[in-house]
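As given in TrEMBL:
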type	residues	note
ACT_SITE	155	active site, charge relay system
ACT_SITE	157	active site, charge relay system
SITE	158	site 'Critical for activity'
ACT_SITE	169	active site, charge relay system
């Protein structure tokens, strides 16, 4: 548990340095439902301390950028056996509108971040290390200036930094609100 508290403290210090009021354009929160392989489910609670735009990517044009700090609670239930796992993550995410759907902007999103997993043995897997990468690829439907819903694929793995690297895969349904 000390390890998790230390990680949270380090994330908060980094966030306070990176996301000063001068740099913050918008903030947001999100709640996500996760569905993994087999009997693996979860929920993500996310805080997005920064929303902005990047205009310097020549081949993509103008893209949106946000950073996300999240707490994931994974649950595995099978044969009267339940276990939970906590994950803390920090991810930069870029997105870009590519079309509209019934008048609503539809965007793709992509991000790779870092995460800290509390238990390395979970859901009948040994994921090798507490440190994992959090990868995402998804679609975002912008409902209005403040609200959006997303459907995404998320993958957690240690990127081969450890011999044991089965990874954890999720389909994610998300609701986000900016303020």
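Glycine is no exception: its Cβ is also placed from the backbone N, Cα and C atoms.
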Exercise. How many Å separate the Cα atoms of residue 169 (active site, charge relay system) and residue 155 (active site, charge relay system)?
Worked result: 5
Exercise. Under 8 Å Cβ-Cβ from residue 157 (active site, charge relay system), six or more apart in the same chain: what's there?
Worked result: 127, 132, 133, 135, 165, 166, 167, 168
For this session: Tell me the Cβ contacts of residue 155 (active site, charge relay system) under 8 Å, same chain only and six or more apart in sequence, or just say none.
Result: 134, 135, 136, 167, 168, 169, 170
